[in-house]
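Working notes for the structure below.
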Amino acid sequence: MDTATDIARMGKVSDKTVDKSATTSSVESAEAQGFDLKATKKLVRKIDWHLIPFLSLIYLLCFLDRTNIGNARLDHLEQDLHLQGIQYNDCLAILFPFYIAAEIPSNIMMKKLRPSIWLTFIMLFWSVAMICQGFVKDYSGLMATRVFLGIFEGGLFPGVNYYITNWYPRHECGFRMALFFSAATLAGAFGGILARGISEMDGVGGVAAWAWIFILEGLLSILVSFSAYWAINDYPATAKFLSTEERAEVERRIAADHGNLSNHFAYKYVFQAIKDWKIYSESIQHMLICMSGFCPIYSFALFLPTIIKHMGYTNNQAQLMSVPPYVIACFFTIVASWLADRVKQRGVFMLGFQLVAISGFALLAGSVQPRIQYAGTVLAAIGIYPQIPLGLAWNGNNIGGSLKRGTGIAMQVMGGNCGGIIASYVYLTRDSPRHRGERGDREEE
């Protein structure tokens, strides 16, 4: 079977060949129905409002639940659970192998079922794992809950990035992925503020503040998961918020952008996609790029409160001071991807932000003045967070076919999240407070 026709497009899209004459006819038909440039922009804005806010919300909660252990650490998590040596780092790292292993199977399940079903399912169960994390009593309990958190969270990020490519042409995906991923930066900001407030609950009900962080944020995720089934629109062909003409126009735009695709799902297509060497040759490059982005992002998200504390600030001050770098990074993440979509160039932007990140980490490592170090954290955040949506859009735009694209994106994110394992061991207690690979002159409190 021809490679282009053996790939199934998500959704209930009619299985037909889209040739040049058909595309021209569709364009003329759409224009006859009023889909000129102004009407198309209105349609895209309508899709944006119905998709992006809720997707961003669930990713905010996902990233918050994954990284709030960094905030909980300042509320004596290590002491209460009697963690020693690198056991805290082990608890960070154990999440990622299971997170990585879940990514491709999760994209396949979302293809076989529907986004509204599968995303609701994984969100509900990662929320339960998050709440359970608040009741652990020792190292083994924390390790076990982190394993389940990784299994159920693993499918969200590649799944949503794949999902976006089924609604937007390639040149519009980058900005939407950035809006979605910007929730990760907001999660850092929100997490710092929330952790500062929850710290006042220490001892309430006989529960420590660090445990309340896990319990309350897990409950928040569960509440949102209850609405996910109705809030997530599966595909353009079944979207109730679109009229018949609008659904046809969305499908026409995707068909014109991606070409000849089929909607039939079969496991043979999964194996054909996995065996296609072109996916590996393309995705391995982007896996390495993604890893170079996720490694500093995870080290930043998991350890920023600790890094700021070692600048000489109190625990509560460190929680609040972790907010501004994320807010500023959120702005640059969105603007960079918008500009990249406009000029249809992503590599140049990624290179520029890499240089900004390097300068930020250089200030953080090379100075002993708290103000300069803190400025370094801001520059580092600006430099690292735009990398991921730019890289994902770049890879997704270059892979043809819905199932191949889903597999390729999942492979890219799998490689990227290997950086999370590395990041878990970048900042060790024995190297504090400077974390320069040497035993520091004091240990963390």
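Every residue, even glycine, has its Cβ placed from backbone N, Cα and C.
Just so you know, TrEMBL annotations are computer predictions that nobody has curated.
Now, the feature entries from TrEMBL:
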{"type": "DOMAIN", "residues": "51-445", "note": "domain 'Major facilitator superfamily (MFS) profile'"}
{"type": "TRANSMEM", "residues": "116-136", "note": "transmembrane segment"}
{"type": "TRANSMEM", "residues": "142-165", "note": "transmembrane segment"}
{"type": "TRANSMEM", "residues": "177-198", "note": "transmembrane segment"}
{"type": "TRANSMEM", "residues": "210-232", "note": "transmembrane segment"}
{"type": "TRANSMEM", "residues": "288-308", "note": "transmembrane segment"}
{"type": "TRANSMEM", "residues": "320-340", "note": "transmembrane segment"}
{"type": "TRANSMEM", "residues": "347-366", "note": "transmembrane segment"}
{"type": "TRANSMEM", "residues": "406-428", "note": "transmembrane segment"}
Contact call for the transmembrane segment (210-232) against the transmembrane segment (142-165), three or more Cβ pairs under 8 Å: no
Same-chain residues at least 6 beyond the ends of the transmembrane segment (142-165) whose Cβ lies under 8 Å from its Cβ atoms: 10, 51, 55, 58-59, 62, 65-66, 81, 83, 90-92, 94-107, 109-110, 115, 118-119, 122-123, 125-126, 129-130, 132-133, 136, 173, 176-177, 180, 392, 396, 402, 405-406, 409-410, 412-414
Contact set, same chain, for the transmembrane segment (116-136): CB under 8 Å, 6 or more residues outside the stretch: 58, 61-62, 65, 81, 106, 109-110, 142, 144-146, 148-149, 152-153, 155-156, 159-160, 207, 211-215, 217-219, 221-222, 224-225, 228-230, 232-234
